[in-house]
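This is the structure I have questions about; it appears just below.
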Amino acid sequence: MFDIAWSTIKNRKGGFIAAFIAVICGSAVITACGVLLMSGLLSGVAPERYAGATVMVGGQQTKDVSQNFDPHFPERVTVPASTAEQVSRVDGVEKVVRDRTVAMDLHKDDGSARGEPVRLDHPLYGHGWSSTALGPFELTEGSRPGSARETVLDAGLAREAGLKVGDTARLSVGTTPHVYRVVGLVDAPANGLDRQSAAFFTDAQATALSPRPDRLTAIGVLGEDGTDAGDLAGRIEDAVTGTDITTYTGDGIGDLEFLDVGASRGFLVPLSASFGGTALGVVIFVVSSTLGLVIHQRRRELAMLRAIAATPRQIHQLIGSEVLLVGVTGAVLGAAPGFLAAGLLRDAFAHVGVLPDDFELAFNPLPAVAAVLLTVLGARLAGFIAAFRIARIQPVEALSESEAEQEELGSTRKTVGVGLLLLGLVASIVLPLVIPGQVAIAGAGGSLVVLMVGSALISPVLVQAATRMLTPLFKRSRVSGFLAGANSSANARRLSSAVVPLALGTAMALMQLSMLNTVEATAEEQATTGVVSDYVLTSDTTGLSTDLTSKVRALDGVETVTPVARSQVLLNYIEIDKPASNPFSAQGLDARDLDRTLDLDVREGSMDKLRGDTVALSWIAADTARVDVGETADINLGDGVHKKLKVVAVYGNGLGFGDVTLPHRMLTEHTANQQDTALLVSAGSGGASPQVEAGLEKLAEGTPGLAVQSPQEFTAVQQGQFAQQSWTNLIANALLMLYVLIAVVNTLVMATTGRSREFAMLRLIGTSKRQTRRMMFLESWVVIVTAVVVGVAIAIPPAVGCALALTGQPIPYVQPLAWIGIIAFVTLLGWLSISLPTRSALRTRPIEAVYAGE
């Protein structure tokens, strides 16, 4: 059977090339998703400052849940200082190093009290001198620090900043300045310092600078000669009690040293899993549509096979063999471009700042193998479904249908199609009303594929309806108009194969644009209207020191100061009878006189009660966790500390300010730097005051990194962060949209070139080239209008559902010009994909085209 299949493929290259392209591109998309998923599970970076350690001990940086992946804690999970003593007593440990890391900024010694910041290529961190043993770092000039006002810099930092031994280094922790004398320089360890710069102090000074002197960033272990790192790590885990720890060895130590790598993996795993599932569905859908059209164009040939005694089983075997030959070859060839596509996605994510620039993808054969298997299985299933009717019906009936399409769709197909449309409407609109929160967002977004499949099943009916509406307009062109109307009516199934991918591309583009615009516009509006203070203090350093709040409150004319700290938390809840944890953006506030600086649109409860073990939630977070005012929310703070907090308020402006609002002290105590993001300052009922502004400017002149902004300037910066989130979602869907565009062109070209014999027959009975081109122009409008109407129609319910789930309002934010642009692009793409192949087909002499493929 494979010999016959191969012969068929060689003699019908046109249709099978289209299927081949669909499979190649589909395999590439799935491979790219698989590479991102594997990178989220396996990728990492080599350690630098910890490169010489045998074992590193840190806090447990992930939460164990019964989901497909364990979410990462966004802040550094530290370990109690007392743990180092337990580790030191383990057999095989030669030396224990207590490491404390403090984020710092370097400023120019320009004679001013403020000191302009030095823009470094890498973030700067301060450490105790004893941690140099973990590199190990080698002292190449000067001496080790001997007092609290002395520091040793890594040589690369000294060169970049233009400092040498004996110079003064002005460093700051947040907005708190410190002045040190450079007493020495050290060379970086063998792996270099490509992701950081380092300054070393006495161990006592490092402890004093640390926001939590009773906690350690990590514990470094130098093992005795001949000690196996893995065995030592196991003994350490067994010996330590009273706290959860994780041990790291080899290249895995980089995960502890660089939290952004773990956070990146935590970003990639759910993204690639979700995107990969959607991509797989779209790929199977497109391949099925393409193979369906290929088999539809071969109805006459397959009917003849049935007439000469080919059994249904043999028909399925033939088509299955053809699909396997095309599918396996195309899927294998598509894997290589998939690796390239994954690299391009990585670069795009790095460009918008959601992945580190040096994040490396984990390349191995598994994504390619999975892509080949999934693509081939999907193609094989699609081939079976497409051949089901031609193999099942009687030979005489098959010959009859090969010349004229079956007029009515089967009742089963209609029922399933309508059922899927109803299911899609329920998932997109009803679900957000009944089960709000993140489940509603996921349901509304995923309903697009369900609606598309339902529309595809009844697409011949939709084409017939469009034809009836457009045929009267064709009468101006008597010959071409008559032919276009008759062809469209008689061949609705064929035209529907061209409509489906075009409608899918339209719907996906409109849906994604609408969702991104709704999120971005709502967040911007909430941020703009929510900040009601007169001034906002921010910093271009690591943050605002918490003691700055009292200094601002002491200024003449200042009435209210609200410190704002930002982080992320994990909200824990039960989803479908299973525990789930999801990250939510969080802010810490001082709730005193909050209404004078910030409007969160409180809908239930009161922010005045935000103190102690309490929390306020956005309505999205509250609905996701299914908690109301007075009930208890289960939360892990940024550093993993578990809290049961009483809900005191539910508010509306979660997109603009964060979905979880905690008491200021609670949140800052569980962040790495324990610093504020901004201070909101109100001058009282009179509004902005020259006296207050002058006082703030004077304070800024003597405070490193401090900037005085208007609320409008502050929210403009926030809008840039919203844009980054939008770009992230757009990039994630760009590859899939490109695949759909290729599928659109591929299918339309195949559908048009497959009619070469029909064009030749028309010309032999007297139709001119111009009339044939005009006929196809009119038919293209049937395809385009149907696709655009269907695409818009199935994009609206998910867009409305997402708006309901995100804003509580059923009206999504729509940019009319953008929608018009997408529709115009789809129209142009559809027209070119039909008109150009038509012109190409008409270049062949009619008598040659009639017998082509016979």
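Glycine is no exception: its Cβ is also placed from the backbone N, Cα and C atoms.
From TrEMBL, here are the annotated features:
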type	residues	note
TRANSMEM	16-42	transmembrane segment
DOMAIN	20-238	domain 'MacB-like periplasmic core'
TRANSMEM	275-296	transmembrane segment
DOMAIN	275-395	domain 'ABC3 transporter permease C-terminal'
TRANSMEM	323-345	transmembrane segment
TRANSMEM	365-388	transmembrane segment
TRANSMEM	416-435	transmembrane segment
TRANSMEM	441-466	transmembrane segment
TRANSMEM	498-516	transmembrane segment
DOMAIN	502-698	domain 'MacB-like periplasmic core'
TRANSMEM	730-754	transmembrane segment
DOMAIN	732-844	domain 'ABC3 transporter permease C-terminal'
TRANSMEM	775-796	transmembrane segment
TRANSMEM	816-836	transmembrane segment
Counting only CB pairs under 8 A, let me know which of 16-42, 365-388, 441-466, 730-754, 816-836 has the most with the transmembrane segment (323-345).
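Result: 16-42.
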On the DSSP side of things, how many residues of the domain 'ABC3 transporter permease C-terminal' (732-844) fall into helix, strand and coil, could you say?
96 helix, 0 strand, 17 coil
List the helix, strand and coil residue totals of the domain 'ABC3 transporter permease C-terminal' (275-395) as derived from DSSP.
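Tallied per class, the domain 'ABC3 transporter permease C-terminal' (275-395) gives 100 helix, 0 strand, 21 coil.
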Looking at the stretches 16-42, 275-296, 498-516, 775-796, which one shares the most CB pairs under 8 Å with the transmembrane segment (730-754)?
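It is 498-516 that shares the most Cβ pairs under 8 Å with the transmembrane segment (730-754).
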Same chain, outside the transmembrane segment (365-388) by at least 6, Cβ under 8 Å from its Cβ: which residues?
19, 23, 26-28, 30-35, 37-38, 280, 283-284, 287-288, 291-292, 294-296, 302, 315-316, 319-320, 322-324, 326-328, 330-332, 334-335, 338-339, 342
Taking all residues of the domain 'ABC3 transporter permease C-terminal' (275-395) together, what is their mean pLDDT?
82
